[in-house]
Amino acid sequence: MGAEASGSRPELQELMREAEISLLECKVCFERFGHRQQRRPRNLSCGHVVCLACVAALAHPRTLALECPFCRRACRGCDTSDCLPVLHLIELLGSALRQSPAAHRAAPSAPGALTCHHAFGGWGTLVNPTGLALCPKTGRVVVVHDGKRRVKIFDSGGGCAHQFGEKGDAAQDIRYPVDVTVTNDCHVVVTDAGDRSIKVFDFFGQIKLVIGDQFSLPWGVETTPQNGIVVTDAEAGSLHLLDVDFAEGVLRRTERLQAHLCNPRGVAVSWLTGAIAVLEHPLALGSGVCSTRVKVFSSSMQLVSQVDTFGLSLYFPSKITASAVTFDHQGNVIVADTSGPAILCLGKPEEFPVPKPMVTHGLSHPVALTFTKENSLLVLDTASHSIKIYKVDWG
């Protein structure tokens with residue numbers, strides 16, 4: 001009996017950490033709920049829960065009107081109430097939480113594990129972000145989101161350095177940004193599902209080129225080592241390579257690399273091998289359930305390997321729903337899983353799949369991934385409207 005209790009202790013600690021992150025933390029300011037006045041959990045009229053301090057920050061100073069940061073429904077700050085289930089859970093888990101403070105929730109289980117070292121953004125700074133990229137020259141982080149200015153550029157410390165891309169109907173405006181990449185010469189390329197176009201800006205936000213009337217629904221976008229642009233067309237089921245003169249703002253050539261793909265969305269290019277990974281979202285016939293499939297092509301566009309939701313279910317007890325794909329510096333395929341949520345390494349394409357969890361805690365709904373030159377992993381979490389930076393901790 002004692003051995004069973006001892007064996008269950010790590011599982012209990014994991015459960016406590018998961019409860020603290022998923023249930024006992026305000027997803028606007030990332031502070032833990034508590035009985036103190038400013039940290040008390042409050043129910044909005046739509047049903048979502050935020051802390052009292054965030055209610056005060058979001059509410060209009062005179063009318064007290066506010067917009068729910070999650071579902072966008074109109075609420076009133078004076079109509080909020082204490083969230084009793086969360087308060088009761090804090091009381092029930094109080095002693096255990098004091099033994100497992102927030103500072104330890106991301107502690108690695110073994111040397112070499114990825115741990116979250118920094119997070120920035122949050123509701124207001126970012127609004128429902130969808131795409132993430134790094135500038136290869138400056139190391140700055142570029143995010144597209146649903147704010148008034150659709151493109152936001154952050155410095156290495158997480159401060160907003162610049163933003164552009166007005167929400168509007170003009171050709172240079174961005175209606176509904178889906179993904180973003182930054183070229184080797186620091187041009188920002190955005191896929192706009194609103195007018196089904198690809199828009200190229202310089203790093204200061206000046207429009208250089210609008211590519212329209214060539215795509216049914218451009219979605220994922222990525223830069224190649226040769227400074228080309230690969231784009232998935234989700235509606236047409238195709239993958240394209242664009243040759244662009246960025247300095248002159250001229251599209252030189254468009255080449256269709258693949259056709260007959262099933263609703264392709266995310267795309268990634270390995271700078272080590274030139275391989276291209278495409279994330280498909282095929283609809284299971286007769287079920288109405290959308291699965292996901294990762295296909296990896298060689299630099300010559302030969303299919304090297306593929307794995308889908310069912311194939312991954314043979315390795316994991318729960319369903320894997322891939323939402324983003326990238327390559328690490330060793331050529332391994334990395335995917336974000338929104339069902340976990342988690343970040344998983346699928347191994348090298350020629351050894352597919354050799355799945356291994358990389359991040360299993362602290363995420364809500366990851367939708368984009370990228371690696372820095374220093375091998376840090378950046379994860380865009382759209383549910384918390386934030387970017388989380390993970391590093392290997394060898395301690």
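Every residue, even glycine, has its Cβ placed from backbone N, Cα and C.
Remember, predicted model here, so these are calculated numbers, not experimental data.
Here's what TrEMBL has on this protein:
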type: DOMAIN; residues: 26-72; note: domain 'RING-type'
type: REPEAT; residues: 113-157; note: repeat 'NHL'
type: REPEAT; residues: 161-204; note: repeat 'NHL'
type: REPEAT; residues: 214-245; note: repeat 'NHL'
type: REPEAT; residues: 248-300; note: repeat 'NHL'
type: REPEAT; residues: 350-393; note: repeat 'NHL'
Problem set entry | Tally of residues which DSSP labels helix, strand or coil - the domain 'RING-type' (26-72) | 10 helix, 10 strand, 27 coil
Exercise. Taking a Cβ cut-off under 8 Å, which residues six or more beyond the ends of the repeat 'NHL' (350-393) line up next to it in the same chain?
Worked result: 14, 17-18, 21-22, 27, 30, 69-70, 105-106, 108, 111-134, 139, 141, 143, 145, 154, 158, 179, 296, 304-307, 311-312, 315-316, 323-329, 333-338, 340-344
Exercise. What else in the chain is close to the repeat 'NHL' (214-245), if you only count residues 6 or more beyond its ends and a Cβ gap under 8 Å?
Worked result: 131, 178-185, 189-193, 196-198, 200, 251-269, 271, 274, 276, 278-279, 281
Problem set entry | Average pLDDT across the repeat 'NHL' (350-393), rounded to a whole number | 91
Problem set entry | Tally of residues which DSSP labels helix, strand or coil - the repeat 'NHL' (113-157) | 0 helix, 25 strand, 20 coil
Exercise. So, by DSSP, how many helix, strand and coil residues make up the repeat 'NHL' (248-300)?
Worked result: 0 helix, 27 strand, 26 coil
